[in-house]
Amino acid sequence: MQDTLRITEVFYSLQGETRTAGLPTVFVRLTGCPLRCQYCDSAYAFSGGTVRTLDSILEQVADFRPRYVCVTGGEPLAQPNAIPLLKQLCDAGYEVSIETSGALDISAVDTRVSRVLDLKTPGSKESHRNLYENIGLLTANDQVKFVICSREDYDWAVSKLIEYGLERRAGEVLFSPSHHDLKASDLADWIVADNLPVRLQMQLHKYLWNDEPGR
Ligand SMILES: C[S@@+](CC[C@H](N)C(=O)[O-])C[C@H]1O[C@@H](n2cnc3c(N)ncnc32)[C@H](O)[C@@H]1O
Ligand SMILES: Nc1nc2[nH]cc(C(=O)O)c2c(=O)[nH]1
Ligand code: SF4
Ligand SMILES: [Mg+2]
């Protein structure tokens, strides 16, 4: 029996988020998630999908001849075979990132992978799932993200930024407005007013293509 993963979609688009925003990227979206963030824009990946071998996924990625590959979901780390997939993507020479909820242990992820750790805010309704041990594992190759729903979430994110010195642990600290919950310009104004060492992140793909799956 070959190693398999349940996959919702593989597509080529512009990275809409993180430090590689705007760069052509292949996305591998794994099916299933143990969380239920109230704002989740990828709920179509909670179920369904297709069981595929790692080899078939790697072949489809290679057909796009990408430089960047992003493994997302759903929650990619909920499937144990995400770990060998990430390693094999690195071995194939791609610049690999993973988007993860921070609710699962990231220690087995290949250190060549940029781990984009989303610390879940109270407004997500899943902040009780945060595994704070993950923060001690972060390096300059990793990124921490807060998806912010309100001024209360912003104040909470600032308190975590200070408590853990996140800008010294990770290469990027990203503050992203929760789409439909918070105006990006409000978040921008707060970041400037507080002179924070963080990067405002917009979800570029939503401005380009609204909220279509597979873009
Ligand atoms: C769909 S999740 C998949 C990966 C993983 N489960 C996670 O939460 O990081 C990818 C990223 O999209 C963010 N996201 C989902 N819905 C969003 C929304 N409505 N506005 C802004 N970001 C959102 C998540 O918080 C996460 O950082
Ligand atoms: N273009 C594009 N960029 C993205 N970056 C992260 C995504 C995600 O859903 O995890 C995503 C997505 O769905 N589309
Ligand atoms: S952890 Fe990620 S995929 Fe799961 S519900 Fe939250 S945003 Fe959606
Ligand atoms: Mg998305």
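Cβ coordinates come from backbone N, Cα and C, glycine included.
Note that the structure is a prediction, hence the values are computed from the model and not measured.
In this structure, Arg29 (substrate binding site) is part of a beta strand by DSSP. Under the heading substrate binding site, TrEMBL lists Leu14, Gln15, Gly16, Arg29, Thr72.
Contacts of Cys37 ([4Fe-4S] cluster binding site) defined by a Cβ separation under 8 A and a same-chain sequence distance of 6+ are given as Ser101, Lys120, Ser124, Lys125, Glu126, Val147, in order along the sequence. In the three-state DSSP scheme, Cys37 ([4Fe-4S] cluster binding site) falls into the coil class. Here TrEMBL flags Cys33, Cys37, Cys40 as [4Fe-4S] cluster binding site.
Look at TrEMBL and you will find Tyr39, Cys40, Asp41, Gly74 tagged as S-adenosyl-L-methionine binding site. Around the Cβ of Cys40 ([4Fe-4S] cluster binding site), a 10 Å sphere holds 17 further Cβ atoms from the protein chains shown.
Summarising the annotation, TrEMBL assigns Mg(2+) binding site to Ser42. For Ser42 (Mg(2+) binding site), the Cβ neighbour count at a 10 Å cut-off comes to 18, with all displayed protein chains included. Ser42 (Mg(2+) binding site) falls within neither a helix nor a strand when secondary structure is assigned with DSSP, and so counts as coil.
Look at TrEMBL and you will find 20-211 tagged as domain 'Radical SAM core'.
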(request) Filter the candidate list Gln15, Cys40, Ser42 of binding-site residues, keeping only entries whose CB is under 6 Å from an atom of ligand 2. (result) Gln15, Ser42
(request) Return the members of Gly16, Cys33, Tyr39, Thr72, Gly74 (the binding-site residues) with CB less than 6 angstroms from at least one atom of ligand 4, or none. (result) none
(message) Return only the integer: C-alpha distance in Å from Cys33 ([4Fe-4S] cluster binding site) to Asp41 (S-adenosyl-L-methionine binding site).
(response) 13
